[in-house]
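K.L.:
Here it is: the structure, laid out below.
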Amino acid sequence: MFRTALRNVLAHKARLLMTVLAVMLGVAFVSGTLVFTNTISDAYQNSSAKGFEGVDVAVQARYQDSKGDQVGKVPDLTQAVLDKAAKVPGAASATGVVSGFTAIADKDGKLIGGGWQSEGGNYWGTKDARYPLVSGHAPSGRNEVLIDSRTAERAGYQVGDTVRISVDGPVLEPTIAGIFTTDDGNVTAGGSLALFDTATAQQLFGKKGAYDEIDVTAKAGTGQAALKSQLDAALPKKLVETTTGQKLADDQAEQISSSMSGLRQGLLVFAGIALFVGTFIIANTFTMLVAQRTKELALLRAVGASRRQVTRSVLIEAFVVGAVAGVTGLVAGIGIGAGLRSLLGSLGATVPDGPLVITPGTVAAALAVGVVITMLAAWLPGRRAARIPPVAAMSALHSAPTTRSLVLRNTIGALFSAAGATVIVAATTMSGSDGQAPMGLGAVLLIIGVFVLTPLLSRPLIAAAAPLLRGFGVAGKLARQNSVRNPRRTAATASALMIGLTLITGMTVMAGSLQKSIDRMASAAIRADYVVSMANGNALSPDVAKKVAATDGVTASSPLSNSPSRIDGKTEFLTGVNGSAIGKLTDLTVDSGTFRVAGSDVVVDDDTAKSHGWKAGSAFTVHYEDGKAQRLTVAAVYEGNQLIRGIMLDSAALTPHQSDPADMQVMVKTADGASSATKDRLEKALGSNPAIKVQDKQDLSNSIAQAFTLILNMVYGLLAMAVIVAVLGVINTLAMSVFERSQEIGMLRAIGLDRKAVKRMVRLESLVISLFGGVLGIGLGVFFGWAAGQLVGAKMPTYELVLPWARMAVFLLLAGTVGVLAALWPARRAAKLNVLAAIKSE
Amino acid sequence: MSTTPIADRRTTSVAARATDLSKIYGQGETQVVALDRVTVEFRQAEFTAIMGPSGSGKSTLMHCVAGLDTFSSGSVRIGDTELGSLKDKQLTKLRRDKIGFIFQAFNLLPTLTALENITLPMDIAGRKPDKQWLDSVIQMVGLRDRLGHRPSQLSGGQQQRVAVARALASRPEIIFGDEPTGNLDSRSGAEVLGFLRNSVRELGQTVVMVTHDPVAASYADRVVFLADGRIVDEMYRPTAETVLDFMKQFDAKGRTS
């Protein structure tokens, strides 16, 4: 049987090509993902391991949990702790580490690198072993800084140049005292690092006289574990914790691989979708191959092959196809993995160097996926092949494909669809997270139901297209009839396309609606013309608020500062605002009471008020982060939203209790509204700081839109794979249909249908099938988008369903284009058929 | 049999004519001559049968004259049109407008009803069928109550009658049949041949049919015999017996020579 199967594969090379391609794409996606994530993960681990080479034991402050009325906090690692650590007998040296956000501007005043990769730290003493100097000398005071060699090279800085640097507020303009090299993972990954002397760094990063971490190196002969136990004994156990360098490296490695596995899983989901779509094509191909070989298989049965042998021969064929697809897919996947890495590199995200990692697991996964998917998909056609009676070999007539009743199928499909839709609609009435699980279940049921129902749906939906096709004359009429001729085949082909479009449309609807609602929220609740914040989301220095308030044309401004507190034994974050200005800067709906923020009068959002059982006029005791208590009164309860919520009180009341006052953002209202001149004035007042963003409402909504566009584009890119696989499916179906109908086409040509019309007929059939899949997919996508939105909407009062009509038209157009493109080759083949040969061929 | 004076019609004009028609496959040693300088005329309102043993070139002759196949040299005319100079597009148009076909099998599109199959050539041309003519054709082949059926719901004989109706419906200048009764039982075959003969007698249609069956040939007004790519003889007012006799003689000659 194996030989027969192998011969069959070779005999139908061309017809199996699309199947192989479809499986191959899925496998390539899977193995590409594995190669890429393994490679990156390995490279990061190597580079981070290097970064821990100089650390034998790290001493860090232990977080003190919130207890009773005491707000939890991190104690300082003081100079005294450092001195104690340095005196431990096994310690060779102890280095205090201070770090924080530090933005470096290039020569044009623009921020170097993404904001989240801009780091700053301290240079220890006069010679710091962590950062070997390439040139220059150790920094001293606020006017000297060191920068890493990669950043210096990128921006063209040299020792002696003046550089603009911002930590959390005013711009510093120190000279570059020196340039150093480092293995710091952040720098090797494309970030920047600036170093000050220790005292300056402590001051800049708000750690006066204290450190973030103390790195201790061991004397020769003392192990890391021994040093750790010495330190544990010497240092106050309640306040600090010690970790060996090895453990730090291991932890970091684990963290890297777990963050990589998140990425990997995300990518594999998309690979899975592509493979799922591929199964439709495999099943379709094998069904057609079996139908075409009815006589051949019957002959095998007649000469004594058992049913099992027939099934097995089909499965062996599938195995061969799957194995070929697996191997080629693996090779393509390795290429993809390598390509992705250099793509990342060219996008500016410097990935640490390292060899391409191809694990045995990757190879095994690629082959297993290829073979298992193909064989699973070919299983049903294989069973069908076994049911061919031996007598079919004798019948002279080409046996028409048995049109088994669709009644059972339709009943099952209707039940599934109805159940799915009901569950989804029921889930939309639930609140937020409760509805997620039922909605997922409903979505799966509905998709299965629609799959099963597509043959039934194909007739009415394609009939609806008849008026359009009538314009194409006979070709259109024949195309329409051909497309409903084998509803199962049409359905499977269209379904493949449907999946991709369902997901694409669903995502688009969701993203569009979310974006709109966040936009509306921002414009509804905020009256301020500008919002000033840090590029990386860090806190702003209190100086910023003062400078903004003093700028010409500013009529009202308020910082928003954040501070933890304990209320009734619960941690609540307090928002400190300028009480006299906040009313002009926000436009909050007041549920009860009078909006007033001054002295001990505060305003509270509805959710917080509800959770504490407060009403306007209620009084409560707050314990600030410094432990002091105060009695506050709820002046008003307002409707909170995603941007503004919580307890707002006057900065004058809050600031004295904050150890390190810092503002998350500053809201600004100006006399003449938002204009570029005002914006310029504000930016100038803030010293044209590269790290500080001054955004008007349009900027805010643009940046929201940008974030959504980025995510959507990534999802589109990933789902494109599923669409490409679906295109292969359409090509395959058409090619097979043309092959099966060659006699008919020959007859049509003989009685006067010209080549152009034959081509048009095939193209229109393809178009009809593709648009059918497109309409189903877009319809389902909108439904899912609506349903998911109902869940989100429960938490977001401004949520509103936005139907992206233009996008949906583009998707439909895309489906049509897919159809036309997929038909190119089959249509050419049909038109080129030799009339006589086609008629004669039995 | 028929007493209609066929001689009267011989003077009428020619529907199709092949002159010195040759068809050669391959080159050099492997060269096969399928048609060797054949000259033949098919007159209007005449029913001609082309006969000959397999490999004699009878199908090739029909395919070349019908514009389905290309030829190596010579000329073919349908009415006033010379086929040799036509491109595929023009040939297709010619077949559509001037020629009707009846094949041995696969004459009908399974997705279309009987009526839609009958009007298919006119649909392709974008012409409205002549209602009265269509009616009389349908009447003649006796398919009135089967028009809404699909081919799979019709018997083989009925399917072939649909094919005859289709060929007649567009009033082509000439109808070509390639073994039109080859797949039919003798009764159904007789019916189909009867319709073809009636269409010639009553409607003045021109029909050319390739067959190897002497009984089928006996329905024709004239039989042309082909052997080794040449016309060897022709016979007017054939009967099954005379045709069979000729074939036997011919066969015997072929064996002894």
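The count begins at 1 with the first shown residue.
Glycine is treated like the rest: Cβ placed from N, Cα and C.
Remember, TrEMBL labels are computer predictions, not curated facts.
Marked as domain 'MacB-like periplasmic core' by TrEMBL: A:17-233, A:490-684. For A:267-291, A:314-336, A:356-380, A:412-431, A:443-469, A:490-514, A:714-739, A:766-788, A:808-827, the entry in TrEMBL reads transmembrane segment. Taken from TrEMBL, the feature domain 'ABC3 transporter permease C-terminal' covers A:269-390, A:718-834.
Mind running through what each feature is packed against?
P.N.:
Model confidence over the domain 'MacB-like periplasmic core' (A:17-233) is summarised by a mean pLDDT of 84.
Taking Cβ pairs closer than 8 Å, the transmembrane segment (A:267-291) reaches residues 8, 12, 15-16, 18-19, 22-23, 25-27, 29-30, 33, 36-37, 297, 314, 317-318, 321, 369, 373-374, 376-378, 380-382, 384-385, 388, 401, 488-489, 492-493, 495-496, 499-500, 503, 718-719, 721-722, 725-726, 728-729, 732-733, 736, 740 in its own chain, all 6 or more past its ends.
Within the same chain, residues 1-2, 5-6, 8-9, 16, 19-36, 282, 286, 289-290, 356, 358, 362-363, 366-375, 377-379, 381-382, 385 sit at least 6 positions outside the transmembrane segment (A:314-336) and bring their C-beta atoms closer than 8 Å to a C-beta of that stretch.
Below 8 angstroms of C-beta separation, residues 19, 23-24, 26-27, 30-31, 34-35, 38-39, 42, 275, 278-280, 282-283, 286-287, 314-315, 317-319, 321-323, 325-327, 329-330, 333-334, 337-338, 341 of the same chain, each at least six residues beyond the ends of the transmembrane segment (A:356-380), sit close to that stretch.
Beyond the transmembrane segment (A:412-431), the same-chain residues lying 6 or more positions past its ends with a Cβ under 8 Å from any Cβ of the stretch are 438-439, 441-453, 456, 783-784, 787, 790-791, 794-795.
Note on the transmembrane segment (A:443-469): residues 406, 409-410, 412-421, 423-424, 476-477, 479-480, 483-484, 487-488, 490-492, 494-495, 498-499, 502, 764, 768, 771-772, 775-776, 780, 783-784, 787 of its chain, located 6 or more positions outside it, place their CB under 8 angstroms from a CB of the stretch.
Among residues of the same chain six or more beyond the transmembrane segment (A:766-788), those with a C-beta under 8 A of the stretch's C-beta atoms are 421, 424-425, 427-428, 439, 442-443, 446-447, 450, 454, 457-458, 461-462, 465, 469, 479-480, 483, 490, 493-510, 513, 726, 730, 733-734, 801, 803, 808, 811-812, 814-816, 818-820, 822-823, 826-827.
For the transmembrane segment (A:808-827), the list of distant contacts is 497, 501, 504-505, 508, 723, 726-727, 730-731, 734-735, 737-738, 758-760, 762-763, 765-771, 773-775, 777-778, 782: same-chain residues at least six beyond its ends, Cβ to Cβ under 8 Å.
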K.L.:
Within the same chain, where does the transmembrane segment (A:490-514) have neighbours whose Cβ lies under 8 angstroms from its own Cβ atoms, ignoring anything closer than 6 residues to its ends? I mean 6 or more beyond.
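P.N.:
For the transmembrane segment (A:490-514), the sequence-distant neighbours (Cβ-Cβ under 8 Å, at least 6 residues beyond its ends) are 273, 276-277, 280-281, 283-284, 447, 450-451, 454-455, 457-458, 462, 483-484, 708, 711-712, 715-716, 719, 722-723, 725-727, 729-730, 733, 769-770, 772-774, 776-778, 780-782, 784-786, 788-789, 792, 799-804, 807-808, 811, 814-815, 818.
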K.L.:
For the domain 'ABC3 transporter permease C-terminal' (A:718-834), what does DSSP give as the number of helix, strand and coil residues?
P.N.:
99 helix, 0 strand, 18 coil
K.L.:
Write out how many residues of the domain 'ABC3 transporter permease C-terminal' (A:269-390) are helix, how many strand and how many coil, based on DSSP.
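P.N.:
Secondary-structure composition of the domain 'ABC3 transporter permease C-terminal' (A:269-390): 101 helix, 0 strand, 21 coil.
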